[in-house]
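All remarks here apply to the structure that follows.
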Amino acid sequence: LPLLLKATLLRLASGSYRPFYNGFYYNHIMNDNDDGQDKVDYFNGAKLVVETSKDPVYSYNGANVTLPCHYRYEPDMGPKRKIRIKWSKLRDDYTKEQDVMVAIGKTYMAFGDFKGRAHIHQASRHEASLVISDVRLKDDGKYRCEVIDGLEDESDVVDLRLQGIVFPYQPPRGQYRLNFHEAERVCQDQGAILANFNQLFQAWSEGLDWCNAGWLADGTVQYPIRLPRKPCGGVHLAPGIRSYGPRHRHLHRFDAFCFSSALKGEVFYLDRPSGMTLEEAKQSCQDAGAEIARVGQLYSAWKFLGLDRCNAGWLADGSVRYPIATPRANCGPAEPGVRSFGFPSKGRFGVFCYKER
């Protein structure tokens, strides 16, 4: 070891090695030509700064949205070599990332569900904004904008939030029959996805009060309480989101909290003097060039389009419901909402249909 140390010091003392720069000194870095030759990169004293929107960016299902991201150098050192831009979608706990796209100059590549829907918007010299077309429900979440210039790598995070509505869902079999994966499927079947905590919290702040526990997208089980009461955690607990924490995704069974956003089409009501069976209702929607509406579509039409109908109608899952925007006599409780008759095995009702615009 002493001989090796002595030999190293002698080599450093020789003229074959550059003196250390008083900034950062990097050695043994492959050059861009990948020809096996090492290059030495010196830090030039300019600091790379990346900034995104500090406030959430709001959008809705089917829209186009731009997530702003800009970068700069302090001090500005003039034109730089081509930088790399990488966008990724984060989990709420920041433990996992999903690649969205990467870009170098005008060349870019989008990944997964973002193929054909994502590109970089560069209207100004130091812009790295992300444009997402035809926004989908699962696009809601946090996104990281990362700018890479040689050895410098800086990033910032922007929050994309979809304007939507959270609704509790129980299947025809009754309360607490869904494991996590079944809850995911029933929400998708109703034109929705499992809600995340932020979406449930927003719904609670807008008045959602539901005493049955349901799955959320992160695998936790929670429920929102506005009016504390004995069966719902006790009268002495403050209003808020009650949590069971993470549950076993296969073994444990609860209800589901689903999230739906604005519609690309319209929901309308059809009826006959004698009403319709479920099968007749489905056929009536098809005859009208539409399809029988899903639960998420009815909630969205009520929330965003003000759909108000004091007549019960079939939906695709076999439930019978009706939306009330303006409460009135003989139309249920005094609060606006979507009323439910459950899943009747018999009976004749109208039907809510959905048609794309």
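Count begins at 1; order follows the chain as displayed.
Every residue, even glycine, has its Cβ placed from backbone N, Cα and C.
Annotations in TrEMBL come from automatic prediction, not curation.
Among the features that TrEMBL reports, domain 'Ig-like' is placed at 46-158.
Within the model, the domain 'Link' (165-260) shows a mean pLDDT value of 96, rounded to a whole number. As annotated by TrEMBL, domain 'Link' applies to 165-260 (among others).
The disulfide bond annotation in TrEMBL covers C211-C232 (among others). Within 10 Å of the C-beta of C211 (disulfide bond) there are 14 other C-beta atoms, taking all protein chains into account.
The domain 'Link' annotation in TrEMBL covers 266-355 (among others).
Taking Cβ-Cβ distances under 8 Å and a sequence separation of 6 or more, the neighbours of C331 (disulfide bond) in its chain are C310, Y322, I324, R339. Feature annotation from TrEMBL assigns disulfide bond to C310-C331 (among others).
Counting other CB atoms no more than 10 Å from each candidate's CB, the disulfide-bonded residues C232, C310 peak at C232.
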